[in-house]
Amino acid sequence: MDSDTIMEPMDLKVRELLKEVQLDYSSATTKLVDDTVSAIKQAIDTIPEDLKVTADFAPQFVRDIGADKVEFNFKKPKLFEIGGSYSIRCVAKPDVDIDLFVRLPKECFHEKDYLNHRYHAKRFLYLCIIKKYLNSSSFIRKVEWSTLQNEARKPVLVVYPAMELAEVPGLSVRIIPTATSLFSILKLNLKRNNVCSLKQDESTPQATPKYNSSILEDMFLEDNAEFVKRTFLGWKELGEALILLKVWARQRSSIYAYDCLNGFLISVIMSYLATDSGRNLINNSMKPMQIFRVTLDFIATSKLWNTGLYFKSQSLLNISKEELLERKQYLRLFPVVISESLAHFNLAFRITGGGFLELQDEAVLTLSCIGKCKDGGFEELFMTKIDYPAKYDYCMRLNLKGNSDVYALGFCLDEECWRSFEQKVHFLLCQGLSDRAKFIRVSWKNATSECNVENGLSIFDREPLLIGISVSSLEKAFRVVDVGPNAEHKDEALKFRKFWGEKAELRRFKDGMIAESTVWESKQWERHTIIKRITEYLLLRHLSLSERNIVHIVDQLDFSLVNGVGDSISFSGSLLEAFEVLSKRLHLLKDIPLKVSSVQPLDSAFRFTSVFPPEPHPLANEKSAVPRLNKLTSTCIQPLEVMIQLEGSGNWPMDDVAIEKTKSAFLLRIGESLQNNWGMICTATEENVDVFMSGYAFRLRILHERGLSLLNRQNGSNQLKHISSVDKELFTRGQHSSMINGLQGCYPIYGPVVRLAKRWVASHLFSACLVEEAVELLVAYLFLKPLPFYVPCSRISGFLRFLRLLSEYDWNFSALVVDINSDLSPSDEKEINENFTSSRKGYEENAQNVNPAMFLATAYDKASEAWTRFSPNSSELRRLVAYARSSANLLTKLILGGQIDSYKWECLFRTPLNNYDAVILLHREKMPYPQRLLFPSEMNQGKHVAQGNASKAFHPFLLPEHMKGNSPDLKDTLLVDFDPLRCFIGDLEAKFPNAFKLWYDSLGGDAIGMMWERSSSKKRGRSEENEEEKDPVNVLKAVGEVGKGFVRSIYLLKSPRLRN
């Protein structure tokens, strides 16, 4: 596709985005900024000259930082200057932070104050005095502490003006001290040790490059800001590109961080590319989006990162040997180097190796979005939140508050103790997970606005340490055995044993090799917890953490898939084996008029997406099998639909009713043949034939050959008119089933994500609104179109993305196209677009009557008729979106820092019953599978209008007296496809058409929500209103009568009149 075609709609959207996020430098805004800066200056001017400043102003901070000789006489700052984004007109809303540089006076420092954190202590004490006087200014609302790039030893002051502007809510001024020409640069050379307590051994001092860089940063702050300012001022396109890059980076919390990227570093990289140093890769003729792409392409692919970025275009021939050695020294010490040519200071000294790899990876993914996604990837680039919970397959939190081991050696040496601990955790997990993990991100954000830094550095452990793990592949992540060094390699084997401790064991493998190994025995359906077990073991062993301080987000939602005592997905293997046997036997049948040509499973249990795949039932076996009954043997069994296709024949009748009767005759003959040949038990009704074998009930359906022809000729909807509705449905379900089955084969985690999604939909009573096939397609979209992410490799991250897709997709103006096998041609896409446009023609007149409200298009259903034609309608979809948004926000909060107890996680599946007009509670002991009920429902509000006793006619489990009977009698008690909830809903809809809307959970819920339907005619006469419609209590009592024996209680919350 031509790039110009892609960029046109992209350019329009970018223009709108820039209007939204660019700061309007109006007279009101500039006046507010100028007045706030003036108020700060005036407050500082009131500080007495030569005020004696001692450690007593912040004794705990000075003690924690390990500084001595910190007394000085206060002098006024030498310079006040606005820097940062505001000075180059590149502020990106909503964060309106104005950087105010305050140059520290040389008279307050001694020439050796670069030693032992004296500079940092004095810098902080200087700010303490300023804060004290700012608090007394009437022009300032509040003053808070923050830190410069999360560095605890370098706090900054955040000043909020008393006056607030609606255009710039939350505007603040950050007071950042600078230290221009304060110390000799040579004394802060990378090789020097400036923290005396830090030694390699008893006599050899250890170099302190990070500490030295921390001071150099303040010394070069003004110069670097001036260089960026010279590059950006007057270059509108460059400024707009910077704003776009900031918006892009802010959406990606793993890279817009203290140890990776910030607005200043983005502007530095762009300045490099816009000058001779970067070969002028950015020039004046470029548009903002072109500059955006060039910058990201440079970040993603440039080989210059291997040698470092150096400003000023000097060839290597002009650089002395000493300078070359200095550059090499930088590359050994820092993963990323951005410096001026003389290599005095590395602007990127905080960037870690892991952080930079993630930055490059995000840049690659973004470029991929631009090339592959709709409208040049605008939504994916700028509007999609790529945070830890959605990005990483596994998230962990380490709660380290009060853990003295973190700062046992001191809060600040060369690096701060929190950064050292991050590196320790990162190294440990990299070594332990090896090739299981593609990326491991460890981040400990220390500063919060409530921090009172004067009280010392121990407050910086309040936030949990966050770990994100992206797995390399599911095959590696779910691996049970890790093979270590060969037993013959003694030194390596010893290291392996020391690292793994009691988990290390010597094993002989099938190829005869004897090697060290670790084994993580797990059942097949529990292998998603292997990474959790590995990481927890390592953290407990090497960091002496307690289990309660380690929160690993991996299996917190598994409770929702438990059927009784375990996950019934474990029986899927026996189900597929039983189906294979049935399929072979059907193909072998010879005593039927037409042979079976193909057998296809239709039920979601066969494709691993059923929330509760059936467990083998002891009574659903061949005649000869003797059942073994346990105490809780169910009286119900779910039938599993199987589609049969027969050989072609010209003798079929032409009438639809006659065709269905002929199918029934065929099915009866097939059932008879299975009984005669293999002793299989078959039961028949007019509509169905059920075959019992190996503990399962298979329901046979025949696709007529006229429906079969659709498989070969899909040339438009005209053919569908000649196909009976039964065959249409079977054909569509067959197509869907085979596609989803193929997708599940490619992505094993797809099934668990779908199961969680279906459980969520049902638990919030949306079973009538969103059929299970629609849920499968929504989740399939996440796997087929994962950008700007990778394909999800964990059930929780996949589930979160499902909730966000549901809540954030533009259903009104966009069709969701799920192209599972990449079958759709340009003409198919055109047809889908036309169908979608046609469905939205009446939107402007009446948004309520848009059908389908959720347009899901596939290769077999280009008009979204199969699964969402009538539901959800517009109002149901709005409700679904609101619930999904609420659940997504809660899940995000739980992953990032929520409570450890299970109740909060359960809230994702607990639905509020006060959002309905009336609520029906059912007798849970009369549900066919009571063990599937997540949370028993109770009501403590509304008017209690009806109550009923439980029927004695049905029991979900075989009673003791049934157990004494013989096998044939027992099998007669088995109820196939019995669902009292479905029957009750059907009876209500038949008796009270258009009276109310019912919301229910088809997977085992014991509550039904009711909402009164609005009257279709505003001029309905009184004569048309019967007594029941006048009094909702009578309606609800009648509802109770319909469900007598099944309904426990009915509550009225809102009457129809109040609602209308």
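Note: Cβ is positioned from N, Cα and C throughout, glycine not excepted.
Not measured: the values here are computed from a predicted model.
Per TrEMBL, these features apply:
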DOMAIN    98-231  domain 'Nrap protein'
DOMAIN    239-385  domain 'Nrap protein'
DOMAIN    390-544  domain 'Nrap protein'
DOMAIN    570-744  domain 'Nrap protein'
DOMAIN    747-898  domain 'Nrap protein'
DOMAIN    913-1050  domain 'Nrap protein'
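When DSSP labels each residue, the domain 'Nrap protein' (239-385) comes out as 90 helix, 7 strand, 50 coil, counted as helix, strand and coil in that order.
The largest share of C-beta pairs under 8 angstroms with the domain 'Nrap protein' (747-898) comes from 390-544, of the ranges 239-385, 390-544, 913-1050. Confidence annotation: the domain 'Nrap protein' (570-744) carries a mean pLDDT of 84 in the model.
Counting residue by residue with DSSP, the domain 'Nrap protein' (913-1050) contains 49 helix, 28 strand, 61 coil.
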